[in-house]
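Structure record follows, encoded as structure tokens.
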Amino acid sequence: MPPPRTGRGLLWLGLVLSSVCVALGSETQANSTTDALNVLLIIVDDLRPSLGCYGDKLVRSPNIDQLASHSLLFQNAFAQQAVCAPSRVSFLTGRRPDTTRLYDFNSYWRVHAGNFSTIPQYFKENGYVTMSVGKVFHPGISSNHTDDSPYSWSFPPYHPSSEKYENTKTCRGPDGELHANLLCPVDVLDVPEGTLPDKQSTEQAIQLLEKMKTSASPFFLAVGYHKPHIPFRYPKEFQKLYPLENITLAPDPEVPDGLPPVAYNPWMDIRQREDVQALNISVPYGPIPVDFQRKIRQSYFASVSYLDTQVGRLLSALDDLQLANSTIIAFTSDHGWALGEHGEWAKYSNFDVATHVPLIFYVPGRTASLPEAGEKLFPYLDPFDSASQLMEPGRQSMDLVELVSLFPTLAGLAGLQVPPRCPVPSFHVELCREGKNLLKHFRFRDLEEDPYLPGNPRELIAYSQYPRPSDIPQWNSDKPSLKDIKIMGYSIRTIDYRYTVWVGFNPDEFLANFSDIHAGELYFVDSDPLQDHNMYNDSQGGDLFQLLMP
């Protein structure tokens, strides 16, 4: 039984539902189409592809795997910057960080760079009721303290009331006292309000789906989940899925000899947690004691399984409301998270573990046949059920794709006009896209054909970047403010290699100097899939790299 709602939650829901009624009237006038597809966009925080559907044999994610079994799954999707606010603003506007000019958390793109349209704004302008639940935009300055309202949303976004406790002392330690720890399995009945943010977000999203079921207008619902973002604050029973004796270390837990210091992420954010501080770990390289490394990995995987239950409840409700046959579902993450690879933890780098993300699209009638009357595509699956079978993805693409392609792809799948490609420069253009339209991947001749889509992946490139304040790791290397950025690491990922150059950067002019090379990295994927052996030769310079930039 769900915990009783707070007065604040009931007030918000009442305001929202009354706003929906008002929005329905105005949006129906804008779009009288009754058969337009709805959109459910699920955005997860810090989720690398540690999922059964991506081949992870340890992680229990039956509900996300079930979604993938009816979907098109992209095996090689990459974020454009491995930190929350810049990545979210990038893919929600369809522009790269060098266009949004957001590399930190401290500016609002509409004021700082250009009045760029967003995905929900575009759907709203095309007759959709647009709704935000949980962490969609990063809260704060980077979304104008409003989650980009009123531009993007038909009414004010919802944030769970228990969100405010995420970084407070709610983790009960072995001493019986409460701490602000990294590892924070909890008894849900023992935490403030008797609930957790992602549980509240699921409940509110389901209530909105119930309201929209009878709507004459299509809806665009974005649901942002917090876990597995730190702190790892999740119901403690999920630890049982991952006994410590079954948890291995990262396959490459040492800092590679050839790694340039500028490329290293010193994981300062997790060092601030009380349980990590107690370990007295040296800065910047550590390492973290082996037994604690296992505990971090255990809690990350447990957080993923907890997240999976919330996704499962949301999709099961979509099914129960008979909306699965009229709703596109897109599932992704803002970036990945290192779990000890290269001696690193968290995001904040250009490595695959930080930039590689899940990207899954369910399109009714395209990626899967329409469900028969009474058929459930997404029945809730319990991750504690050991009898559950691993489900293979319905369709897969090995092509390299970027999160910046989410905007044109969702627009095209919904039958809206795909925004045009951006000119260079595009700061004056409100509606355009810098990502590719991925619609070609959804043109299936026969759902029974080879589930691996053909193509020439060597023609494709994914771009990422990360700023640094210094050539050597320091206290603000992970999250430098714009004024402190001295170096930008531009990274190209192809099917064959990852190539990164770290070049001088002028934060006042937002200008990279490719003749001022500080360091470089080159990893060949076939022979070095973990990216541990840097083959970069300083004589290669930045000329070739600059030619390959978008």
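Cβ coordinates come from backbone N, Cα and C, glycine included.
In the record from Swiss-Prot, residues Asp45, Asp46, Asp334, His335 bind Ca(2+); the candidate from Cys84, Cys422 listed for the same site is Cys84. In Swiss-Prot, Cys184 is paired through a disulphide bond with Cys171, chosen from Cys53, Cys171. Comparing Asn513 (N-linked glycosylation site) with Cys432 (disulfide bond), their Cα atoms are 26 Å apart once rounded. DSSP assigns Cys422 (disulfide bond) to coil in the three-state reduction, placing it in neither a helix nor a strand. In this view, His335 (Ca(2+) binding site) is surrounded by 29 other Cβ atoms within 10 Å of its Cβ, with every protein chain counted. Among the recorded positions listed (Asp45, His138, Asp334, His335), Asp45 has its Cα nearest to the Cα of Cys171 (disulfide bond). When the recorded positions Cys84, Cys184 are scored by other C-beta atoms within 10 Å, Cys184 scores highest. Put simply, of the recorded positions Asp46, His138, His335, the one whose Cα is nearest the Cα of Asn115 (N-linked glycosylation site) is His138.
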